[in-house]
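The annotation active site, proton donor is assigned in TrEMBL to Tyr51. Per TrEMBL, the feature substrate binding site maps to His107. Residues or ranges marked as domain 'NADP-dependent oxidoreductase' in TrEMBL: 18-258. Per TrEMBL, the feature site 'Lowers pKa of active site Tyr' maps to Lys74.
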Amino acid sequence: MSQGPTVTLSHGSAMPRIGLGTSPMNDADAERAVSAALELGYRLIDTAENYRNEVGVGRALKGAPRDQVFVTSKFNKRWHSVEGARTAFEASAEKLGVEYLDLLLIHWPNPDQDRYVEAWQGLIALRDAGLVRAIGTSNFKPAHLQRLLDETGVAPEVNQVQLSPVWAKAVERDFHAKHGIVTEAWSPLGKGTDLLSHPTVQDLAKKYERSPGQVVLRWETQQDVVPIPKSADRGRLAENLAAFDFDLTAEELTALSDLDGTAKAAADSDRAGH
């Protein structure tokens, strides 16, 4: 199995520059999608406890060499403690049929519960034990990340956030870059918005003879964002994976960035979460 372009995380892991998201697929759909994705060349697969499809993802993973697939999962707020993080890891690893995870994330900070620092300490222990190769967060704001840094001295290797040109997250990306955190994008194609039909996106798609989705994914990858678009369609899977063979100009990147704020605000992780 060949490996595509990767980014090196702060602790040394090589993470593919694009992956497959699996929310909200059930086990059967996830198994089919992951199997097709692996056949096409995907090497980053993203799942979560809350998606309830880790068993299906695991069935698909059995057909691939373990060391050639970067497997990510996430855990919920009920496991926000040092021991809870280990329990969450063990549950996900068992469902996925793996001995280790390449990346484990705290799914949401849930600041009202105020235990995400404990969960982070648990992730640090898991990485130290070799059970998880890389550790990170999902839906954390800079203030949440700064608290992790202040209280543990350890920065996440990845922060996965809702991001696309209509939710550009420039402040968050700047904070990530300053602290060596890789930005990963869920909903990178702006699901639920008119992003793909926006004239700016359409014009660039025509210019480069690419799909609107490929234009948006290229905006992300050219800015060192790792997108994880979801699809169960084989043709769309192949299309998304092929979004590296052209380059947008600096002016075009800016034009897409200018779409920020043109869609309904993304989920607020100070109020939402599981």
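FYI, residue positions are counted from 1 along the chain as it appears here.
Each Cβ is built from the backbone N, Cα and C atoms, and glycine gets one as well.
Curation does not apply to TrEMBL; its annotations are automatic.
Location within the structure of each feature annotated in TrEMBL.
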residue: Tyr51; record: active site, proton donor; CB count, 10 Å: 21
residue: Lys74; record: site 'Lowers pKa of active site Tyr'; CB count, 10 Å: 25
residue: His107; record: substrate binding site; CB count, 10 Å: 24
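Tyr51 (active site, proton donor) sits 11 Å from His107 (substrate binding site), taking the CA atoms of both as reference points. The separation of the residue listed as 'substrate binding site' from Lys74 (site 'Lowers pKa of active site Tyr'), Cα to Cα, is 5 Å.
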